[in-house]
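Below: one structure, written as structure tokens.
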Amino acid sequence: MMKREDVLMEALPYIQQFHGKTIVIKLGGHAMVDPEVLENAIKDAVLLHYVGIRVVLVHGGGPEITEKMKALGKESVFVGGLRVTDQETLEIAQMVLVGKINKGIISLIAKCGAKGVGLSGSDGNIILAKKMDLQKVNVQGVEQEVDLGHVGEIEWIDPSLLTTLLDRDYIPVISPIAIDRYGGSLNINADTAAGDIAIALKAYKLINMTDVDGVMDAKRTHVFRKLSITEANALLASGAIGEGMIPKVSSVIKAVENGVKYSHIINGNVEHNLILELFTHEGVGTMISLQ
């Protein structure tokens with residue numbers, strides 16, 4: 001068992017390496033419905049902030065949106081890991097993401113003594129999007145086109161507001177609701193939003209906190225510790241990646257292809273996994289890099 005001082009000394013070179021760097025953290029999965037898990041994740045994020053890392057949080061809320069829809073008697077439908085979003089579903093998503101989850105995260109940051117600013121992607125035109133094209137889906141052997149409704153495809157990220165907040169020692173917290181060119185709102189997949197924000201900010205790392213230990217093989221028995229983007233793309237092409245993981249893996253691949261040095265997928269339900277990933281030699285989860 002390592003001594004406490006050894007743990008701290010192991011962290012020192014990583015603290016030095018990441019000081020002043022931007023790290024985008026996507027909060028998702030069970031953390032969005034379990035207050036204890038979420039609070040632990042926020043404590044870790046605030047610790048990163050206090051050791052000089054420029055932290056940006058992007059949160060999802062899929063399980064809580066699904067739960068709210070169920071309570072209102074509305075069924076959730078997914079195509080390729082994306083939620084089909086009619087007008088009523090969009091309003092529910094906005095209520096849950098912006099009105100509840102985002103504000104709750106800001107309160108937790110304040111409780112830890114830091115300053116957070118809650119934003120949706122439509123604030124300051126951070127995320128400009130267009131309505132997603134019809135999606136092809138195979139239904140009982142027949143290919144059909146499905147309209148996902150008010151689901152957006154990101155056209156542009158304007159990082160200027162986020163950079164201003166980071167420069168002034170705030171932690172930006174972003175919910176994945178975008179704006180289109182006509183002032184309308186669009187639901188954006190939070191994994192995709194986090195990846196594109198990381199690219200726009202020229203982040204050093206993108207960390208996706210979810211409900212699984214990392215990227216797994218087809219049998220779901222082995223977690224890949226490291227993957228190149230070539231290996232990760234091959235896993236996607238082979239069908240080994242489950243539907244819900246497709247946007248996560250796709251977003252981290254895109255981030256690395258576009259200048260983010262490292263992307264990670266880790267289990268956010270395990271206490272202090274974020275700290276273990278960043279500040280220990282072994283790390284946790286799956287790391288994806290160019291090679």
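Count begins at 1; order follows the chain as displayed.
Each residue, glycine too, has its Cβ placed from N, Cα and C.
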(request) Determine which of Arg83, Arg220, Arg225 appears in Swiss-Prot for the same substrate site as Gly61, Gly62, Asn187. (result) Arg83
(message) If I take the alpha carbons of Lys248 (site 'Transition state stabilizer') and Asn187 (substrate binding site), what is the distance between them in whole Å?
(response) 16
(message) With the substrate site defined by the record as Gly61, Gly62, Arg83, Asn187, how many Å span the farthest pair of C-alpha atoms?
(response) 12
(message) Roughly how many Å lie between the Cα atoms of Lys26 (site 'Transition state stabilizer') and Arg83 (substrate binding site), rounded to a whole value?
(response) 18
(message) I want to check the contact list for Gly62 (substrate binding site): same chain, sequence separation of six or more, C-beta distance under 8 angstroms. What comes out?
(response) Gly28, Met32, Arg83, Ala190
(message) According to DSSP, does Gly61 (substrate binding site) sit in a helix, a strand, or coil?
(response) coil
